[in-house]
Amino acid sequence: MDTKIGSVQAVAPNGDVCCPPLHGGFSPVQSSSLPFNSSEATLGRHLARRLVQIGVSDVFSVPGDFNLTLLDHLLAEPGLNLVGCCNELNAGYAADGYARSRGVGACVVTFTVGGLSVVNAIAGAYSENLPLICIVGGPNSNDYGTNRILHHTIGLPDFSQELRCFQTVTCYQAVVNNLEDAHELIDTAISTALKESKPVYISISCNLPAIPHPTFSREPVPFSLSPKLSNQMGLEAAIETAADFLNKAVKPVMVGGPKMRVANACEAFVEMADSCGYAVAVMPSGKGLVPEHHPHFIGTYWGAVSTTFCAEIVESADAYLFAGPIFNDYSSVGYSLLVKKDKAIIVQPDRVVVGNGPAFGCVLMKDFLVGLAKKLKKNTTAYENYHRIYVPEGHPVKSDPKEALRVNVLFEHIQNMLSGDTAVIAETGDSWFNCQKLKLPKGCGYEFQMQYGSIGWSVGATLGYAQAATGKRVIACIGDGSFQVTAQDVSTMIRCGQKTIIFLINNGGYTIEVEIHDGPYNVIKNWNYTGFVDAIHNGEGKCWTSKVFCEEELVKAIETATEEKKDSLCFIEVIVHKDDTSKELLEWGSRVSAANSRPPNPQ
């Protein structure tokens, strides 16, 4: 597994926080102190050193007059690289993708016009429990409390609009408009992001970054965060109750969910699976958190649109343990899952509920799974049932020569591209369902944004993930409707020398919306996508494009992208029929539509 969000819980013997696992070069902060009057002992350099110290070596930014001096001081830090993005939304999405690989991400924008533009990406990171440092260049410190009206605002002498917006999508907000408490505010914000595994907001007055101050004269003292601890008596009681519950079951199963990541419990989940022999599934948003080469892995549990034979095993079980689940209308396929609360153990990052009760608070998921594994009897019944009924999936019908390309044929070829040196980014839409069916080899990364489901997320996230995971070649599957939202930052990928392969699936519209509720608004203006990327490329950097209409052309394009053009960004536009969707999307769309269209309850 590629990502280690929440790894701040790992504490070194000396009490210092262990840096998240890194993919690529990382220059640690030097430990020499600076004289009190040093020109480098500034607020801006302190922030830069703090970012490097927690593992951030790339910051995604969009310049604006309120953050320019701050950007100068971030640039001056040897261990920090500024990645200029085309817009703030993509900078936020890039920081999101970066955090998924590196463990924490950061972006820098300007006051209000930049802040309100990035806030959607920050909300998505909040929903996915990603520690992300959102830094905003704020008004001059002298303007606070003066009743002045500033540019980039809505024309009122009130500078709190941006702050109030961020209060709902970040776990901590710091407004730095004086030097005396800047050190404390910045450190509190960053440490809170790491502890809570959520985004934070830091606003820094535009006239402060270049000013030396005694509090910045030494290298930052390493963060020392107390690890979260379980209530020992509660933990023991939870383990005892859960073990009794599961050991009485005839055919129990385990299902991994997305919150295993923030709980830093993925390895503990696998260790428990090894020990107890249960059949192991994942929720769709947990894909990539459990190794799919595990001997008892049975696929994705997604109700009626689960992978083959998985739902039958999970829903027929007499007990199931869900680790870190999110049961929303999308993950439950319009609230149609056939699981019963009285058969379930629900394990959240710090809480366990067994059946209809009891509930145990202050119990960490990792501790619980490790302890429970030691108490469970070996039971392979559910997996044996799966193995007994399993029939290997067939292959798509063979294409006729020059036949129009089908989506199922496309993803069969993408499957063959995957290895431990690749990572998949799946955009919101039909790529959710097609990528969900991909079988991930050992070490293959996988990311998508299911809880927030913001179309266009994948372009920025691909930029950020690839910038962090330099040892992997990213394969991004993006629909044409989503691509039109955030397409510009393909140029940043080229400028950064990234080697991503983007499959642009051109079917003429918002296909996922079509299957929920169709209308003329779901049809978009078609672009010449390869021509668009060629224009962005403009002969600068390494970029190769191809437009394919049939399987023969696809095979040739993939061969070129993985061999001759393996050191280039490769953009492959795939032309498919507007109604060519996965069968899972058809089923899922009808069920979500039914949930959305429920009439009001009688008053």
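Each position is counted from 1, following the chain as shown.
Cβ atoms here come from the backbone N, Cα and C positions, even for glycine.
All annotation found in TrEMBL is predicted automatically rather than curated by experts.
According to TrEMBL, the feature Mg(2+) binding site maps to D480, N507, G509. Cβ-based neighbour count (10 Å, all protein chains) for G509 (Mg(2+) binding site) stands at 20.
When averaged over the domain 'Thiamine pyrophosphate enzyme N-terminal TPP-binding' (42-147), pLDDT in the model lands at 95. If you look up TrEMBL, you'll see 42-147 marked as domain 'Thiamine pyrophosphate enzyme N-terminal TPP-binding'.
Look at TrEMBL and you will find 239-356 tagged as domain 'Thiamine pyrophosphate enzyme central'.
According to TrEMBL, the domain 'Thiamine pyrophosphate enzyme TPP-binding' annotation covers 449-574.
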Check each residue in the chain of N507 (Mg(2+) binding site) that is at least six apart in sequence and keep those whose C-beta is under 8 Å from its C-beta; list them in sequence order.
G479, D480, V576, H577, K578, D580
Determine which residues of the same chain, besides D480, N507, G509, have their CB within 8 A of the center of the CB atoms at the recorded Mg(2+) site, and list them by sequence.
G479, G481, I505, N506, G508, Y510, T511, I524, K578
